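S.K.: Take a look at the following structure, please.
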Amino acid sequence: MSRFARLLLMVVALFFTNAWAKTVKETLRITWKEGAPNGQARELIYTNGQFPSPTLVWDEDDDVEITVYNEMAKNVTVHWHGLDQKDTPWSDGTPGLSQRPIQPGNKFVYKFKASPPGNHWYHSHEKMSLVDGLYGAIHIRPKGDRTGLWSQISQDKDDIKAMENAAHDPEYLVVSDWSQYTSEEYWKISTDSGLLVFCLDSILVNGKGEVYCPGQKFLQAELAPGLVEDAFPPGTEVSDKGCFPADLDQVQGGPWNITKRPDLIPPRVQEGCVASSHENATIVVDPSRNNGWVSMHIVAAATIAQITFSVDSHEFWLYEIDGNYVNPRKFVSAVMSAGETFSVMIKLDQKPGRYTMRIPNSGASQVLGGFAEMVYKGCESEEKTGKAYLSYGGNPTSPDVEKNSFFPWQLDTDHMSPWPPNKPRPGNADEEHLLVLGRVGAPYNYTMNTKYLYPVDFQNDDPLLFYPNATRDTENDGLVLRTKNGSWVDLILQVSTLPGDTSSFEHFMHKHGSKTWRIGFGTGVWNYTSVEEAIKERPKDFNLETPGLRDTWITAFSIGGEAYWSVFRYFVDNPGPWLFHCHIELHLMGGMGIAILDGVDAWPEHIPEEYQLC
């Protein structure tokens, strides 16, 4: 081949590479002002003048540049949840690890590759400010062919093409929980009263919702069957907001050496429901498009709630979790933890009408309903139609629901294996780390490592990306794990074993920088010398052939005091400082986080000058 021909091929290749991997620039202006997304006014965060934050849509491998202007009177950062930030750890958006907080009046430019493809989201990561409304959806459209994914739903060529088109242009549902109090006010209620408070006012969909007050008797009847008998003292009643009494030992744990002051909980926090009629989100769908298929990308931007998603009279195919494609399965409802993202495919094969989307809090924290509407295009009737699968509080309305619903908390109920197949290395990992989760010292103090509490301002002035050895020979080194590049790592999480925390609610565990396989789940105290030994002794508690692959996982609900453990495996190929934490904002604020310095032997050395600290 001549020199000219080789040069021409290089130019052509460069052209097509650049044509695909275009540069996309975004601007996000963060402000603080009054709003009333559920009909009741409070101050909150707006992004570019809107709430929730704008949906961002890119193509896989786009070069993304996002300039964030902090026009509030408080610090902020933005985390790109689900994006792996390969070779760009300085753009992860975690204060104290990848950057200093963006101070009032300042800006920060995040630069990264749009990867991996799929459904993700972005949100604030400064203290508890997720409660205040900085969150929005991200959709990264893939380069690859997904015929093998859609052909598991339908063999019809027209359907396959239609589903690809529907997934390329989905509907977005950003689901969040909402309180009448700002994040700072909410946290102060717990620390002042000495009680962990987690009572909410609304479930919002795309920033819209209402405050419902159906009455205490109705809410009591909506409790999950057996919950009070199994978990709480006989005769326990919820309030007129659907909340359990704040001073229950089963809720607060302990005993703790602190003074409890329930009288310092303001009115209307736990009880005293005040209804407000506002509006719910409406999703208009067109059965004449895409052969009647519609895709929905759902973001669980909740701060406390565990939600359940369903659409009256419509089944759906769950085909993506946490931006990772899974072998599709058909359900009528699906449980989502705070921080997760789901993508579902729905066939619009019902009579044109208005169908209620039911999205209640399904956790044991509160009986709370949430709603939106899916409306067939052209429907003129204001009356709602369809068969409900869930009640106001998330209970199944027929026996079929339990058989056709997604429950993510155990290996034997979670069969959402990756597509295409992707499994971890069998046998032992190269490194194992046991993390004991729970409360220490107070009902609102949470640890990921037996006793260490992750401070809200941990390393804010000296982020670990730039000072990876800053915690050595200090007590704060208990907040840091270090791994080697190219190693397989097992994270073993133990719950319900710390003194005062034998009754444990779920934790929604999210790792930055990489996804993990959940390869094991079991009861009891972890007392094995290695994961390999546990696999030999308890093979039914492990799955290394088709384990799920995600960035957010739920631990077991153990209000009865039984201990549980989970094992998560991942491969280290993305050196940098990555936060591993509970996505319940109250738990993270209380200390439930740990910094994992992945690949310390291949630490990023060539940090761009624009990110160097002054």
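Every residue, even glycine, has its Cβ placed from backbone N, Cα and C.
These came from Swiss-Prot, pasted as-is:
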- His79, His510: Cu cation 1 binding site (BINDING)
- His125, His512, His581: Cu cation 3 binding site (BINDING)
- 30-143: domain 'Plastocyanin-like 1' (DOMAIN)
- 172-360: domain 'Plastocyanin-like 2' (DOMAIN)
- 469-599: domain 'Plastocyanin-like 3' (DOMAIN)
- Asn75: N-linked glycosylation site (CARBOHYD)
- Asn257: N-linked glycosylation site (CARBOHYD)
- Asn280: N-linked glycosylation site (CARBOHYD)
- Asn445: N-linked glycosylation site (CARBOHYD)
- Asn469: N-linked glycosylation site (CARBOHYD)
- Asn485: N-linked glycosylation site (CARBOHYD)
- Asn527: N-linked glycosylation site (CARBOHYD)
- 1-21: signal peptide (SIGNAL)
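Help me picture these features in the structure, burial and contacts included.
M.R.: Every protein chain considered, the tally of other Cβ atoms within 10 Å of the Cβ of His510 (Cu cation 1 binding site) stands at 25.
Taking the Cβ of His125 (Cu cation 3 binding site) as reference, residues of its chain lying under 8 Å away and at least six apart in sequence are, in sequence order, Thr77, Val78, His79, Gly93, Thr94, Pro95.
For the domain 'Plastocyanin-like 1' (30-143), the mean pLDDT of the prediction comes to 98.
Assigned with DSSP, the residues of the domain 'Plastocyanin-like 3' (469-599) fall into helix, strand and coil as follows: 20 helix, 52 strand, 59 coil.
In this structure, Asn75 (N-linked glycosylation site) belongs to neither helix nor strand by DSSP; it is coil. Long-range neighbours of Asn75 (N-linked glycosylation site) (same chain, six or more residues apart, CB within less than 8 Å of its CB): Pro95, Pro101, Ile102, Gln103, Pro104, Glu126.
Secondary structure at Asn257 (N-linked glycosylation site), as computed by DSSP, is coil. Sequence-distant neighbours of Asn257 (N-linked glycosylation site) (same chain, 6+ residues apart, CB-CB distance under 8 A): Gly441.
Neighbour list (Asn280 (N-linked glycosylation site), Cβ cut-off 8 Å, at least 6 residues apart, same chain): Val205, Lys208, Gly209, Glu210, Phe371, Ala372, Glu373.
Long-range C-beta contacts of Asn445 (N-linked glycosylation site), restricted to its own chain and to partners at least six residues apart, with a cutoff below 8 Å, comprise Arg439, Leu453, Gly590, Gly591.
Asn485 (N-linked glycosylation site) is surrounded by 15 other CB atoms, counting those within 10 A of its CB over all protein chains shown.
Counting every protein chain shown, 9 other Cβ atoms lie within 10 Å of the Cβ of Asn527 (N-linked glycosylation site).
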S.K.: Going by DSSP assignments with H, G and I as helix and E and B as strand, what are the residue counts for the domain 'Plastocyanin-like 1' (30-143)?
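M.R.: With helix first, then strand, then coil, the domain 'Plastocyanin-like 1' (30-143) has 7 helix, 54 strand, 53 coil.
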S.K.: For the binding-site residues His79, His512, His581, which Cβ has the most other Cβ atoms within 10 Å, all shown protein chains included?
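M.R.: Of the binding-site residues His79, His512, His581, the highest Cβ count within 10 Å belongs to His512.
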S.K.: Among the recorded positions Asn469, Asn485, Asn527, His581, report those whose Cα falls within 10 Å of that of His510 (Cu cation 1 binding site); none is a fine answer.
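M.R.: Of Asn469, Asn485, Asn527, His581, within range: His581.
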S.K.: Is it possible to get the count of other C-beta atoms within 10 angstroms of the C-beta of Asn469 (N-linked glycosylation site)?
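M.R.: That number is 13.
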S.K.: Hey, for the Cu cation 3 site built from His125, His512, His581, who else sits with CB inside 8 A of the CB center?
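M.R.: Here the nearby residues are His79, Asp92, Thr94, Leu97, His510, Trp578, Leu579, Phe580, Leu588, Gly593.
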S.K.: State the Cα to Cα distance, in Å, between Asn527 (N-linked glycosylation site) and His581 (Cu cation 3 binding site), rounded to an integer.
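M.R.: On Cα coordinates alone, these residues lie 23 Å apart.
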